[in-house]
């Protein structure tokens, strides 16, 4: 799905990977670009707008842990431009010391945002179809002992995305669901692995993981922008050490209705 002339929302667009992806997306000649974030960075929004005057950039102060904030922000988009064509769910934290906050931001907030946006995008309701890209992690595909809580939240994102990305739903709504899994990337989130791990026992392996080779956020952001345009329902992609690769998950069980 080309993004030219489309209306796009990026939740968490002012983070490191998110902002790099935003810069890439601004080259796509979108009609409008809505950046939802708890961070307030007016200079970054101005810089985005300067990249392409053809795309109208909006900033919305956004609390992903609040259903009312989610509902109000999405309603504002529809009131301004009528249609939502693409939603990127990119808000996330890594702090295993706070289980509730990790789950509320990384998983529950993502679920609530998706479920609120989907009817607005559904071609049989208010929308014209589109794509939802949920940002999980390589730690949503494989376990990571020093970040067990973060890992659980991202496994949840993976399970949710694969479930609502079933062809049954896509054929009805016209909304594709794609999952994007960054590997270790040079961001403050990655640095938290070395200090906000699950147990005290985790310190040694956390430090070892923190010293693993990483990729630049610019590279990961470019990969994310590429995945948004793929519009491949059910697609799962890993961005790791500078390479973007599609993932085919192992299937151990299938529901009988398939």
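Quick reminder: no glycine exception, Cβ is built from N, Cα and C everywhere.
What Swiss-Prot says about this protein:
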- 9-33: NAD(+) binding site (BINDING)
- 137: substrate binding site (BINDING)
- 150: active site, proton acceptor (ACT_SITE)
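Features per Swiss-Prot, on structure.
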residue : record                 : contacts (Cβ under 8 Å, 6+ apart)
9       : NAD(+) binding site    : 34, 36, 74, 77, 84, 86, 87, 88, 117
13      : NAD(+) binding site    : 19, 21, 22, 35, 36, 37, 88, 90
17      : NAD(+) binding site    : 90, 135, 182, 185, 187, 217, 220, 221, 224
25      : NAD(+) binding site    : 3, 8, 10, 33, 225, 228
29      : NAD(+) binding site    : 3, 4, 5, 52, 54, 55
137     : substrate binding site : 92, 150, 154, 157, 181, 182
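Note on residue 21 (NAD(+) binding site): other Cβ atoms within 10 Å of its Cβ, all shown chains, come to 30.
A 10 Å cutoff on Cβ-Cβ distances gives the residue listed as 'active site, proton acceptor' a total of 28 other Cβ atoms nearby, all chains included.
Under the DSSP three-state reduction, residue 13 (NAD(+) binding site) is assigned to coil, being neither helix nor strand.
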